[in-house]
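Accompanying notes for the structure given below.
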Amino acid sequence: MTEGDNKSANMLAQETAQLEEQLQGWGEVILAGDRVLRWEKPWFPGALMGATTVLFLLIYYLDPSVLTGLSCTVMLLCLADYLVPTLAPRVFGSNKWTTEQQQRFHEICGNLVKTQRRVVGWWKRLCALKEEKPKMYFASVISSLLAMAWIGQQVHNLFLTYLIVSFLLLLPGLNQHGIITKYAGMAKREINKLLKQKEKKNE
């Protein structure tokens, strides 16, 4: 391992430790949410989609304004930030915290740090593209935004948000159970078959 790799690994470990310390009060809740998102029980996906559907139906029924929705969301986050660290040990029992749970909590924090690094890396690459190839940057950004604007015009905003949120909530479970890998492999094989058929026709 090179000096740069050692430095990167040390920084990753330091950032993970800092995040663990910040989220320590949320440990039990994070582990419970992790079990649901990874579908440890067969009924978890249905419960997850049911809760998401009820939430969005409630939003659709109440039809709050943007300011009201934003205020309520921030208020709930503030209440959770205050109540969860206090109530979580009483609900879950802090004395039941095991080595396995601590290890899983460490892995979750490490994955969060890695995800944050990926997002920052993508942003830096986008900024580098803007500096090095401004025409390509302009064309890529404008075409992407136009496509998003067209999709947003065709699909109801709330329904589109529901689809995005549902996909993001199901993504960890799909990945954990190998469903994404399975269907991605099937799609890849079908594409390869089509390419081979096209090559044979050209011959």
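One is the number of the first residue shown, and numbering goes on along the chain from there.
Heads up, the Cβ atoms here are built off N, Cα and C, so glycines get one too.
The domain 'RETREG1-3/ARL6IP-like N-terminal reticulon-homology' feature in TrEMBL is assigned to 26-183.
Per TrEMBL, the feature transmembrane segment maps to 43-62 (among others). Here the transmembrane segment (43-62) has Cβ contacts under 8 Å with residues 35-37, 69, 158, 161-162, 165-166, 169-170, 173 of the same chain, all six or more residues outside its ends.
Residues 25-29, 59 of the same chain, all 6+ positions outside the transmembrane segment (68-88), place their C-beta atoms under 8 angstroms from a C-beta of that stretch. Residues or ranges marked as transmembrane segment in TrEMBL: 68-88 (among others).
For the transmembrane segment (136-153), same-chain residues at least 6 beyond its ends with a Cβ under 8 Å from one of its own Cβ atoms are 126, 129-130, 160. The transmembrane segment annotation in TrEMBL covers 136-153 (among others).
Feature annotation from TrEMBL assigns transmembrane segment to 159-180 (among others).
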